[in-house]
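In Swiss-Prot this protein carries:
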type    : residues                                            : note
BINDING : Thr15, Gly16, Gly17, Asn127, Ser184, Ile230, Gln275 : UDP-N-acetyl-alpha-D-glucosamine binding site
Amino acid sequence: MFNTAKKILIMAGGTGGHIFPALAIANELKKHSSNIQWLGSNLGMENNIIPKHNIKLHTVSSVGLRGKNVISLIKAPFLLSYATLQVIKIFLKFKPDVVLGMGGFTSGIGGLVAWVFKTTLVIHEQNSIPGTTNKILNKIATKTFQAFDDTFIRNATTSGNPIVFNPIEKQNNNKLNLLIIGGSLGSKPINEIVTQLNIDINIWHQTGKLHADTVKSQYKNSAVKVTAFITEMASAYAWADIVLCRAGAMTVSELMLSATSSILIPLPNSIDNHQFHNAKILSDNNAGILIEQKDLTIELLEGILLNINKNQIKQMSSNALKIAKPNAVKQIVDYLLVSD
């Protein structure tokens, strides 16, 4: 039976990759009248997002350590100490029964404080390669959830990524429909290649807000729909026969849940090259085609699109669905509400 009086602190901040999966869990927890509060950074996008969902937000001073200059590294111990004191104060005031960490700086500090306070610590890793924070916290966490198999060696349950996604039945298209997703800010290297496509297919290109007008003017193909954003991704996946995109954890999970075949171009400078490893999960299961950005050419891309057939697309789509984990939110929420 659920303990609806349980106080739960969710720790996630900085980027959408941490925030939106955590928010999916938080909104489900709220249905059970749980006492939910949020720990984030003072600089992350959570400051604009979380208050809109009627969740109390605590913020601490953000201190990133990877890729910083010497001066920043000298300041880091003092800033870390201050941030730790801020988190301790939050714990003493809220007295959480369980904390959920989604990775990133605030999750790291909060997770260590939870361990010191002997508070139940649950973590979730969204990528196939764990971030530094979760590598550390996995050793002390009460429970670890992972989106993909074999991310951690010990103490981990594969749940999938906690996203709210309701797939729509695929359309039956006569001509190949290619959906290109550039991410919220777009992807200039991908845009420069795909705008050269001059084959008889339908293209829907989500460019990001910075590139919509430029990309639209560069296309040779007249059957192109260019939009800065796509708000209804389920409809877009239903329209698409195949998607060309980066390999962020949420995108890969959506491809699985929507049973959509894909051409994946991992971001080459992603931390620990995690996008490559995310993409490899789909390609290893014959659910996607992996192309490194350095190898992407118009000739290669046109060759793939001209030679792929409906049966191959159907098989890739089926394979993607086979490795999907549609119950991640419920699985994690159930654990949070019944754990001691």
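Residue 1 is the first one shown; counting continues down the chain.
Heads up, the Cβ atoms here are built off N, Cα and C, so glycines get one too.
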Packing count at Thr15 (UDP-N-acetyl-alpha-D-glucosamine binding site) (other Cβ atoms within 10 Å of its Cβ):
14
So, three-state DSSP: helix, strand or coil for Gln275 (UDP-N-acetyl-alpha-D-glucosamine binding site)?
helix
Mind giving me a neighbour count for Gly17 (UDP-N-acetyl-alpha-D-glucosamine binding site)? Other Cβ atoms within 10 Å of its Cβ, every protein chain shown.
21
List the residues of the same chain that sit at least 6 positions away from Asn127 (UDP-N-acetyl-alpha-D-glucosamine binding site) in sequence and have their Cβ under 8 Å from its Cβ, in sequence order, or write 'none'.
Gly17, Ala147, Phe148, Thr151, Ala249, His274, His277, Asn278
Going by DSSP, is Asn127 (UDP-N-acetyl-alpha-D-glucosamine binding site) sitting in a helix, a strand, or coil?
coil
Tally every other Cβ atom lying within 10 Å of the Cβ atom of Ile230 (UDP-N-acetyl-alpha-D-glucosamine binding site).
16
